[in-house]
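Taken from TrEMBL as is:
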- 28-517: domain 'K+ potassium transporter integral membrane' (DOMAIN)
- 65-82: transmembrane segment (TRANSMEM)
- 156-177: transmembrane segment (TRANSMEM)
- 197-212: transmembrane segment (TRANSMEM)
- 224-244: transmembrane segment (TRANSMEM)
- 270-289: transmembrane segment (TRANSMEM)
- 301-321: transmembrane segment (TRANSMEM)
- 341-368: transmembrane segment (TRANSMEM)
- 389-411: transmembrane segment (TRANSMEM)
- 423-446: transmembrane segment (TRANSMEM)
- 453-473: transmembrane segment (TRANSMEM)
- 479-496: transmembrane segment (TRANSMEM)
- 517-536: transmembrane segment (TRANSMEM)
- 530-754: domain 'K+ potassium transporter C-terminal' (DOMAIN)
Amino acid sequence: MNPSEEFLEQGISQQNLRKASCMTVATLAYQSLGVVYGDLSTSPLYVYKTTFSGKLSLHENDEEIYGVFSFIFWTFTLIALFKYTLIVMSADDNGEGGTFALYSLLCRHARLSILPNQQATDEKLSAYATHGSMETWQSSALKSFFEKHPRFRTGLFILVLLGTCMAIGDGVLTPTISVLSAVSGVRLKITALHENYVVLISCVIIVGLFSLQHHGTNRVSFMFAPIVAAWLLCISSIGIYNIFRWNPHIFRALSPVYMLKFLKRTGIEGWISLGGVVLSITGVETMFADLGHFSSLSIRVAFSFLVYPCLVLAYMGEAAFLSKHHEDIQRSFYKAIPEAVFWPVFIVATFAAVVGSQAVISATFSIISQCCALNCFPFVKIIHTSSKIYGQIYIPEVNWILMCLCLAVTIGLRDTNMMGHAYGLAVTTVMFVTTCLMALVILIVWKQRIAIAVAFLVIFGSMELLYISASVYKIPEGGWIPLALSFIFMAIMYIWNYGTTKKHEFDVENKVSMNRIVCLGPSLGMVRVPGIGLIYTNLVSGVPAVFGHFVTNLPAFHQVLVFVCVKSVQVPYISEKDRLMIGRVGPKEYCMFRCIVRYGYKDLQQENYDFENRLVSGIVQFVEAEEDTTLKTTFISACGREVGNMDIEKFDAQNQDHSFTNSKSSDILETKIRKGHGGGAPLKDESLQILRAKESGVAFILGHSYAKAKKSSSIVKKFAINVVYSFLSKNCREPDVVLNVPHTSLLEVGMIYHV
């Protein structure tokens, strides 16, 4: 039954249902203003000022002002409205957007996954669906090309990291340029105020902004939407006033002819100034990145009917003012404000700058969280800031690092023009990465003709390369900042991913033979003590080397052994019923099981939801539903349906629809199943044995690995592994903290592996 039929059965008419849907979209569109459009809407504070910096300030004629506005209008229209709103936002990954969403789609359709422990059963997840139109020869050829050339897969991965790191750099530059640009307006009224005081006020606001982050996005941003709405209405109203007050003929500048005239008259200075024009679209990537928090329709409605017309009117009105006041080019925004409303607009501008900064900071937290899930960043402390709104997080280490970097840029540069040059390079690079990934999505995922993908790449890629080239020219004047930040973050991400991948390869090569385990007998050649032992491993099959290393040094182990593998899957979210996969390892009398805990790249990995009892409950249900099989690994769903089995040497979880009861303790579980929920069969002996072992205690065994480069390795590799990776491993959050393992039950086994 579809939602419409369901509502009709409840007496709700189709007309009222349509009204409810429209109201929901309108509400989400309004809420998106404070989260999505804060950065984009504050761009008028500094666009014209940055564009007419340098030698272009010598060309402050009406033709040049018309040309700059024409560039702003068509850039804003083509990239923000057509590229992102109409095309890119259609390439969502189960409702999620951003660079990782595009890469996730490509990984699933072309098998480009960077995660080493993927299984065939992962493809049975509903969110993993890759069905669609018929395969074309272009998509088949491209998939085959990536399969045959691993270097190009690595190159694509590095391209994604570049876009991600530039987006993180955006999180540093947005607060600095937005806050400093807003505060600088006070010098128009208080002319005696020294520049140092403006910088000091900006730093105080930045410190206050980052100090509030631990309260969570929901509490901090409850008033953000009204502020952005008020800001947009203010600047659009001022724009309309300036158009009719100073130059009603400014509408002529909408013609693209003025762009050609501008480049012809200004030459190289005009080309260089395009690095300032691109600041008009800073924040459009946020529309796509924050897609998961709202619906695509709501974001499109908010942009098309409010944000787009308001910003166009604001830029047009400022151009009309400048056409009559060439001397005010470096302070045009505040000069264009009528005297009577200056202070109210100044206050709203300052709040709007904070709102724009908040959106980018929250996005940075999400990006780092996704990188951790995909083994591209060291584990950091991730705090849930809302029990109702999923995905709102706070990362203390990242928050304070961002604050220090923002303060350093604010104090070090003190000039919004130089910040604009850096900002433009970061923004255009992220956009170009999105364009390249979208071209691949059009071919591989949407399976369209190659001509469509090439047209998309040429039209939008050429525009973005033009802006990148203009921004690159400004590298000595501030453009080096995002490059330096991106290089540092890329080095960290790539080295961490390389080290963890090599660790997984070491674990695969050194896992204990299952035949050897079977030959030891049910006791495994050691003393079996009461209790349950949870052995955490990166392997989805086989017995990890850490187990053999442990029993070699201490020949005693628990009565029940469970190999727990926590892994990420290349989908954004995994439902609770698909979270756990449980199967048997070896014959029944060995009492050995495997539990695979799966997460999506936007899921938060932490076992704080009664994991022990959920696991024991799942194992008991597995045992109760299991059919007798010898030397087989079998997965059975909670309802008793067998969903797969494999020989133990070919262990691969061929599963499933998996769900578990949410019992709060093993005692409650045992009582319920003993009674059979009203007369059912009692528990099997093995189930009772597992429950008694749970009462004896649960121990957590983690491998503590140390990576070292081989003696024959190059100096660069030795530095990367022995210095950088080792430093990151020692200073990141330990696996026991990430997994919320109680210290009183923790056992660590140290191992060294050579890369």
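All positions are counted from 1 along the displayed chain.
Just so it is clear, glycine is given a Cβ too, placed from its N, Cα and C backbone atoms.
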*Which range out of 224-244, 301-321, 389-411, 517-536 gives the transmembrane segment (270-289) the most CB pairs under 8 Å?*
301-321
*Tell me, please, if the transmembrane segment (197-212) and the transmembrane segment (341-368) are in contact, taking contact as 3+ Cβ pairs under 8 Å between residues separated by 6 or more positions?*
yes
_Would you say the transmembrane segment (423-446) and the transmembrane segment (479-496) are touching, if the rule is that at least three C-beta pairs must lie under 8 angstroms and be 6 or more residues apart?_
yes
_Same-chain residues near the transmembrane segment (423-446), Cβ under 8 Å, at least 6 residues beyond its ends_ = 50, 79, 83, 87-88, 91, 99, 102-103, 105-106, 109-110, 132-133, 136, 138-139, 142-143, 156, 159-160, 162-163, 166-167, 169-170, 173-174, 177, 275-276, 278-279, 281-282, 284-285, 288, 452-454, 456-457, 460-461, 464-465, 467-468, 470-472, 474-475, 479, 482-483, 486
*With the transmembrane segment (341-368) as the reference, find which of 65-82, 156-177, 301-321, 389-411, 453-473 contributes the most Cβ pairs under 8 Å.*
156-177
*If we call contact 3 or more Cβ pairs under 8 Å (sequence gap 6 or more), are the transmembrane segment (224-244) and the transmembrane segment (156-177) touching?*
no
*Counting Cβ pairs under 8 Å that sit 6 or more residues apart, are there three or more between the transmembrane segment (65-82) and the transmembrane segment (301-321)?*
yes
*Residue list, the transmembrane segment (389-411) vs rest of chain: Cβ under 8 Å, 6 or more residues beyond ends.*
171-173, 175-176, 179-180, 199, 202-203, 206-207, 210, 213-214, 216-218, 292-293, 361-362, 364-366, 368-369, 380-383, 419, 422, 481, 485, 602, 604
*Taking residues 6+ outside the transmembrane segment (517-536), which of them lie with a CB under 8 Å of any CB in it?*
543-544, 546-547, 551, 555-566, 586-587, 589-591, 615-616, 631, 648, 690, 692-694, 696-703, 735, 739
